[in-house]
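Everything below concerns the one structure shown next.
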Amino acid sequence: MALLKVKFNQKKRVKLAQGLWLMNWFSVFAGILVFSMGLFLKIELRKRSEVMDNSESHFVPNSLILMGILSCAFNGFAGKICYDSLDPTKFAKWKPLLKPYLALCCVFNMLLFFVALICFLMRGSLDSTLAQGLKNGMKFYRDTDTPGRCFMKKTIDMLQIEFKCCGNNGYKDWFEIQWISNRYLDFSSKEVKDRIKSNVDGRYLVDGVPFSCCNPSSPRPCIQYQVTNNSAHYSYDYQTEELNLWRRGCREALLNYYSGMMSSMGAVILLVWLFEMSVMVGLRLLHTSLESIANPEDPECESEGWILENSLKDTFKSALENLKKLGKFNQVEAGAEGAEGEEGGKTPAITTVS
């Protein structure tokens, strides 16, 4: 028994073809939307590529761009088929291509669904990418005179100001690295010498943070140096008082920003996928209803359309049997080739009569 069998007359077939033509052009615009989302996400990731450890995060925008292009191509082609289906003479040239085209549509929709899932599942990979990238970026913050790294200070400062964050996981991350360049240190000062000598790696570490960590909304002037020294500031206790520095780490801020963006895009792609599935089902019904016309010379006669010619169970069994036959056929061919090789390798005996 066919799956989802529907009876059609000429009027219904025409309405289905016209509706599918319109839906395909809506799908073309949806493909443009998916392409635009991928391009926007790629630009956003490029803006902060200096604080990302690898290029894995670009898999999502690249996939969105590819899916958008394929969606425009597939649906534009399907729109042409639906338009030509109104004329039996024009539709005849598309008949041999419809089955391969529908198979490609199935593959395309599977890939589209996979990309939608990836948008929701990329948070873990993005988290590790940002954690390592921000850690490396903070190490290069002081290298304002080093070619290739001189821009890092501006990048980190703008990032902390824009996203209202400080450090990788928090402001205390700045205590563990030397973020002040040696050119701005007075090495004749006893304090500087003592700090450098007290560190095993010879770094100048302070309990301070860059100016970009300061919260401009705080009523108190920014305390960015000697943050943990209560006696250095009047009426101050860093453990109990709300600091006028950003509490949130930049890794968390960027992760929430990109994850929220990707989740929204994933939801949009799922809607596009549902729309594409409905278009594919409609095209299959149109294809089978036109093929099952009993008398091609009488276009007004009734016909039947279906999704699968047999039930889902029977179709699955048939597919498994075809795969088994294909496997046996390959084994027979391999065996025949081996036998031919053995026969060809035999040397005929030559009898010498003396």
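Yeah, the Cβs are placed from backbone N, Cα and C, and that goes for glycine too.
Residues annotated as region 'Disordered' in TrEMBL: 334-354.
Long-range contacts of the transmembrane segment (20-41) within the same chain: residues 60-72, 75-76, 78-79, 82-83, 261-262, 265, 268-269, 272, 275-276, 278-279, 282-283, 286, each at least 6 residues beyond the stretch ends and with a Cβ under 8 Å from a Cβ of the stretch. TrEMBL lists 20-41 (among others) with the feature transmembrane segment.
Here TrEMBL flags 101-122 (among others) as transmembrane segment.
With a cut-off of 8 Å between Cβ atoms, the residues of this chain six or more beyond the transmembrane segment (255-275) that come close are 23, 26-27, 30-31, 33-34, 37, 41, 44-45, 57, 60, 64, 67, 71, 109, 112-113, 115-120, 122-123, 126-127, 130, 163. What TrEMBL lists as transmembrane segment is 255-275 (among others).
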